[in-house]
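> The structure under discussion is supplied below as structure tokens; questions concerning it will follow.
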Amino acid sequence: MFPAIGHLCRVALFCLPLTLFAGGSIKGKVLTETGEPIRQAKTMILDLKRLGKTDTEGSFHFADVPAGTYSLQISSDIFGNRIQEVTVADGQDVDIQVVFDISIHEDLTITATPKRKSVSDVAQAIGVMNETDLQQKMEPTLGETLAREPGVSATSFGAGSSRPVIRGLGGDRIRILEGGIGTGDASNVSADHAVTIDPSTAERVEILRGPASLRYGSNAIGGVVNVIDNRIPEFTASSPLSGSVSARGNSGSDEQAFAVRLNGGVGQFAYHADFSSTETEDYEIPSPPELEGDHEDEGEHEDEEPFNGTLENSALENTKGTLGLSYVTDRGFVGFSVTSYESDYGVPGHGHGHEEDGHDHDHEGEEEDDHEEDGHEEDEHGHEGEEEEQVRIDLDQRRIDGRGEIRVDSDFLDVLNMRIGYTDYDHQELEGDAIGTTFENEYLEMRGEVVHKAWGPFTSGSFGVQYNQRDFSAEGAEAFVPANENDTLAVYLYEEMDRGNWSIVVGSRFSRQNSKTTEPINRDHDHDHDHDHEGEDDHDDEGEHGEEDDHDHDDDDDHGDDDDHDEIEGELFDRDFDGLSASIGFVYGKESDYGFSTNVTYTERAPTPEELFSFGPHLATSAFEIGDPDLKKESSIGLDVQFRKKSGPVTGEISLFTNRFDDFIYEAATGEEADGLDEFAFVQEDAELYGGEAHLDISLLHSDPHHLHLELIYDYVRGELDSSGNLPRITPARFGVMLEYQGDTFWVRTEARVTEDQDDVANLETATEGYTFYNASAGYRWFVGSTLHQFLLRGNNLTDEEGRNHSSFLKDRVLLPGRNVTLSYQLKF
């Protein structure tokens with residue numbers, strides 16, 4: 001692995017020419033509408049990889065700019081983003097002035113398209129959180145930090161592990177990326193496994209709502225979350241040393257968090273370093289966490305300790321550190337980074353290994369997919385007087401990233417991008433002081449992309465190749481998935497036809513996935529089956545378990561015949577899947593105040609190794625899980641429509657979507673028990689998800705420096721199986737009202753977040769009562785020279801309301817945090 005990265009660096013360095021001599025310059029000022037300077041705004045010449053910042057007068061200056069036409073981007077977390085073309089002749093000094101209107105906050109995306117674009121010019125629904133947004137909504141986990149965004153919720157499996165859910169889909173159907181490369185953790189295997197990202201070191205987060213399979217893989221059928229943290233610098237340094245230091249404390253969990261980010265460089269070398277640490281105790285909740293009646297007929301709780309006002313076993317400790325180095329010229333860059341992430345967190349709501357026969361277990365999911373399961377019976381554990389041991393997860397991850405970009409500037413080719421990431425991940429599930437299960441995962445992802453100029457009817461586009469390799473193993477009491485390897489190779493094409501006020505984008509992707517077990521599966525357990533697994537009689541014609549010498553069965557030995565399972569011992573499986581994805585999008589109104597866009601997608605997703613090969617007790621979800629090696633790939637047709645208002649006293653976006661699935665993979669209860677646990681099998685059925693989001697900003701006062709606006713947010717999603725009712729854990733409808741005043745140095749915000757009842761539940765799934773959280777926050781910022789200081793005081797759930805997250809597997813045993821106050825400080829220099 002390390003020689004491969006070294007070879008990539010040598011090749012890229014060889015290809016990068018020295019900076020061209022030029023005598024021109026670009027300078028200017030960045031101002032508000034009233035002429036006040038905007039300090040610490042980033043200024044970037046995108047084509048030349050030059051980075052600067054405005055000074056105390058709002059001024060910036062780039063010297064030695066070669067003759068040519070360039071894209072100049074100016075970014076401010078408070079005022080938004082602007083890209084404009086600047087032409088420089090030989091020896092010419094270009095002087096420009098950029099004026100920002102705080103009521104028009106334009107975001108840019110680098111995730112949805114090969115080149116940076118305004119969010120309003122993209123056919124897909126996109127949300128962007130910049131550094132200021134992240135600071136105002138910061139939580140210890142990525143899922144909880146994003147959970148207030150339209151169309152986004154979280155799995156909420158305790159304070160330490162919470163994964164984003166987008167439009168009712170989660171798990172492997174949502175790709176979590178760091179700088180465009182997958183995280184390589186095990187969070188898509190089970191909901192109690194953490195996402196190995198600390199949001200406190202992120203510069204921005206981009207959320208693609210809806211299918212994003214063309215550039216990121218067919219398992220991005222539900223969306224993409226891309227966390228951007230500048231770990232590999234892409235621009236020359238604006239100074240030898242710049243960065244930020246932040247500290248945060250929370251009253252509800254005794255949180256102590258610290259983060260530092262450093263950027264700088266000399267000449268053509270640029271570096272990045274960051275370090276973060278978060279430590280909390282059990283967080284406070286307004287009432288006992290278990291729903292009343294869960295154990296009312298059982299007497300084993302008489303000796304329990306009285307409720308102490310906290311959610312037991314919800315404490316966590318996270319530590320992350322990154323070092324990155326790049327070599328940057330006017331023609332591109334090449335760089336690498338190394339990252340270490342460690343976490344120790346509790347899994348609240350249950351203990352491992354103490355369930356007795358005859359219990360009705362809540363299986364709210366193996367999180368391979370957040371909503372792949374049928375409704376499962378709610379948890380009614382009887383512990384028969386046995387004290388459950390607390391379960392903690394001790395996680396360790398090492399990651400190496402390499403990245404390069406070369407500006408080719410030929411008649412057809414524009415830019416060549418290269419990315420590679422390697423992850424070595426392991427975690428141990430501790431039951432008391434004993435190691436229960438050890439999970440290990442080695443993950444490699446590589447992607448090369450060529451961005452081209454106009455050809456034929458297309459004004460720009462890209463084509464690329466992507467390769468993923470995963471080597472996964474689990475050993476111990478909860479090793480419900482056998483050791484397996486998963487390899488995927490894909491090629492894709494993305495083309496855009498821009499006609500000024502409107503554009504059309506088309507794309508396609510072809511992939512081949514191989515999934516195989518590397519240790520035998522013994523399907524013998526303690527009872528005889530007399531039920532059928534729905535959907536298992538249909539075989540994928542692309543791979544009938546690979547070679548015959550791997551497993552002995554003929555065509556009539558179908559895995560839908562469960563009577564044979566007790567006779568199968570030491571069986572290996574090998575499956576191949578071909579997948580095709582395609583999309584076409586249309587954007588209208590790019591040059592006007594009103595915009596409209598629509599996107600139609602077709603996606604084929606291959607089953608994951610967990611869906612194919614699981615066979616064993618998964619104690620975190622209180623279930624015996626049975627995969628089906630004969631599962632077919634699932635396919636979906638999706639339609640997204642967006643209406644946008646981009647300027648004026650009322651701005652915002654309304655999005656509507658529908659996704660129709662054939663052979664949707666989920667888990668269904670078999671009605672049997674195995675090893676004292678309820679049994680669930682992966683099956684397939686047609687399904688549909690549909691809904692929408694709305695986000696409106698209404699300006700009530702707009703007179704610099706005083707601004708008052710009202711923000712309204714609403715989202716809704718519904719998930720239905722064709723013949724079995726509703727999908728489980730679908731996020732209920734949510735509505736938010738926010739009122740914010742923003743002055744020159746002070747801002748204050750109040751909000752009410754309403755989560756409605758969820759009564760559209762799956763078979764054997766209980767309904768969840770709605771709740772309303774009232775929140776308030778205030779901030780104060782000031783400059784000392786070019787150094788920014790800012791304090792933030794935030795209060796959440798001020799009325800100490802009891803709330804349960806219907807998307808969580810633990811909703812009947814875990815409450816959301818009660819009243820809590822966060823105080824944070826950030827220094828940027």
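Even glycines carry a Cβ here, placed using N, Cα and C.
A TrEMBL annotation is a machine prediction, not a hand-curated record.
Here's the feature list from TrEMBL:
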COMPBIAS  291-306  compositional bias 'Acidic residues'
COMPBIAS  352-364  compositional bias 'Basic and acidic residues'
COMPBIAS  365-377  compositional bias 'Acidic residues'
COMPBIAS  378-396  compositional bias 'Basic and acidic residues'
COMPBIAS  511-520  compositional bias 'Polar residues'
COMPBIAS  521-536  compositional bias 'Basic and acidic residues'
COMPBIAS  537-571  compositional bias 'Acidic residues'
DOMAIN    119-224  domain 'TonB-dependent receptor plug'
DOMAIN    419-798  domain 'TonB-dependent receptor-like beta-barrel'
REGION    277-314  region 'Disordered'
REGION    345-396  region 'Disordered'
REGION    511-574  region 'Disordered'
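Could you tell me the structural context for the features on the list?
Helix, strand and coil counts from DSSP across the compositional bias 'Polar residues' (511-520) read 0 helix, 7 strand, 3 coil.
The average pLDDT computed for the domain 'TonB-dependent receptor plug' (119-224) is 92.
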> Quick test of the contact rule: Cβ under 8 Å, at least six residues beyond the ends. What residues does that give for the compositional bias 'Polar residues' (511-520)?
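For the compositional bias 'Polar residues' (511-520), the far contacts come to 217-218, 473, 482-491, 546, 569-579, 581, 606-609, 612-613.
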> Looking only at the domain 'TonB-dependent receptor plug' (119-224), what are its DSSP counts of helix, strand and coil residues?
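Helix, strand, coil within the domain 'TonB-dependent receptor plug' (119-224): 28 helix, 27 strand, 51 coil.
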